[in-house]
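J.: Sharing a structure below in structure tokens format, with a few things to ask.
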Amino acid sequence: MPKKIAAGNWKMNGTRAAVSEAMAIGQADAGDCVVILCPPATLLTVLSDARLALGGQYCHAETSGAHTGDISAPMLADAGATYCITGHSERRADHGETDADVRAQTQAAWNAGLIAILCIGETLEQREAGETLAVLEGQLNGSLPDGATADNTIIAYEPVWAIGTGKVASAAQVAEVHDALRAQVGPRMSLLYGGSVKAGNAAELFALTNVDGALVGGASLKAADFVPIIEALAAS
């Protein structure tokens with residue numbers, strides 16, 4: 001049975017002034033859900049007392065070296081992370097990361113004992129061309145190393161056209177993708193949906209058979225927005 005997971009990605013947002021929001025998120029009535037917060041790396045040690053699992057937003061494929069501005073998976077683990085996002089579309093777009101890069105980063109996360117939250121997603125052009133399932137299968141095959149299990153990997157489907165745009169894939173669109181992913185990765189691996197998830201649409205998304213939770217961006221920055229999503233997942 002896949003775990004129910006509510007993961008918040010704060011992206012490049014949050015200073016120590018935001019710690020109170022994280023602490024409030026940790027007070028959510030999460031039931032049997034795992035609640036993960038992926039803040040900027042500068043906040044990982046600050047949030048060590050929060051009632052949350054913590055994750056990094058990215059890790060370099062190497063464990064150390066002359067890579068100015070980067071962060072390694074062992075560094076994230078040392079700072080208190082137990083998860084790490086890999087392959088987010090913003091990293092792929094802004095930093096030119098390829099499936100091969102994501103594969104190496106995911107392996108690095110595993111090697112450091114982190115659970116990877118591997119992101120895949122299609123562009124609007126690919127969806128309109130009817131290429132969604134083929135694109136996602138290709139991304140998954142290219143980005144996921146051999147040895148992936150439900151214990152070391154979570155898959156997050158985030159249609160690029162829905163991230164931060166206010167657009168949300170329809171229930172039918174999400175169901176089609178998640179059903180295909182379930183057939184590809186097996187019955188135990190958690191499958192998350194991401195892309196403008198909010199309290200108002202969370203229950204409908206979590207009612208879908210193969211949606212085991214969400215990777216939430218903007219709505220995870222405030223407890224007042226994120227806690228209702230967590231509670232909707234717990235009630236599903």
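Including glycine, each Cβ sits where the backbone N, Cα and C put it.
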J.: Which single residue out of Ser143, Ser190, Ser196 does TrEMBL record at the substrate site shared with Asn9, Trp10, Lys11, Gly164, Gly217, Gly218?
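T.: For substrate, TrEMBL names Asn9, Trp10, Lys11, Gly164, Gly217, Gly218; of Ser143, Ser190, Ser196, the listed one is Ser196.
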J.: In angstrom units, rounded to an integer, how far apart are the Cα atoms of Gly164 (substrate binding site) and His88 (active site, electrophile)?
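T.: Cα-Cα, rounded: 13 Å.
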J.: Give the helix, strand or coil assignment DSSP yields for Gly217 (substrate binding site).
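T.: The three-state answer is coil.
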J.: Could you tell me which of these binding-site residues, Asn9, Ser196, has the fewest other Cβ atoms within 10 Å of its Cβ?
T.: Ser196
J.: Taking the Cβ of Gly164 (substrate binding site) as the centre, how many other Cβ atoms fall within a 10 Å radius?
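T.: I count 12 other Cβ atoms within 10 Å of it.
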J.: Take the mean position of the Cβ atoms of Asn9, Trp10, Lys11, Gly164, Ser196, Gly217, Gly218, the recorded substrate site. Which other residues of that chain put their Cβ within 8 Å of it?
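T.: Nearby residues not in the site list: Ile163, Val216, Ala219, Ser220, Leu221.
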J.: Just name the winner among Lys11, His88 (the recorded positions) by count of other CB atoms within 10 A of its CB.
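T.: Output for this query is His88.
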